[in-house]
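A quick write-up on the structure given underneath.
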């Protein structure tokens, strides 16, 4: 009987201590260091001095670059988030005394680390190399996906793979084969050169013929000038008689 009474007294003592030391406060109150249930400070502020007796809690507003987004019994505001460009982030919404900074991912970057449902670190999208094509563009949550160009295709900028030019289909001749980074080089057949050469040969032959004909003509003319002139034959009847012969007669 005495043992049961002692156990009862001990239980009551423990219960009283727990009730006194861990006094339950209301939903809009906090337990101060002195064990008092004090009214909480509202959003945008924190406790400057705990309540004492009939004096209520004294609150103070959050200083710049800090915030408090919930009723509290704290003595310090939360520091605002830093959206650093070096981390691939920019400020989407500035910090106020009642809400934290909202960061977002820069264009050309994607997030690789999240904190409290917000991106805390982003890195730049992969850039596809020449000889590759962009299969899937990068987003704010995923990187760019690249792929090598198939044989017969090329890409100079790493965007799209383009098929090599078919020189034969263009009635041209392939002068240099294509690769994964450059197109086939085609040239036109040298028809113009042949035409020019043929025209020059024809002109040359014509000049030679004209020159030859001119030389032959002048040669014949010179030969005809070198021949002796024909002499006139005289008959005895046509020879005039001398005066002496006339006297004898």
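Each residue, glycine too, has its Cβ placed from N, Cα and C.
Of the candidate ranges 175-195, 196-216, TrEMBL annotates residues 196-216 with the feature transmembrane segment. Between the stretches 135-157, 227-249, TrEMBL puts its region 'Disordered' entry on 227-249. Confidence across the domain 'TNFR-Cys' (61-103), taken as the mean pLDDT and rounded to a whole number, stands at 96. Each residue of the domain 'TNFR-Cys' (61-103) gets a DSSP state, and the totals for helix, strand and coil are 3 helix, 13 strand, 27 coil.
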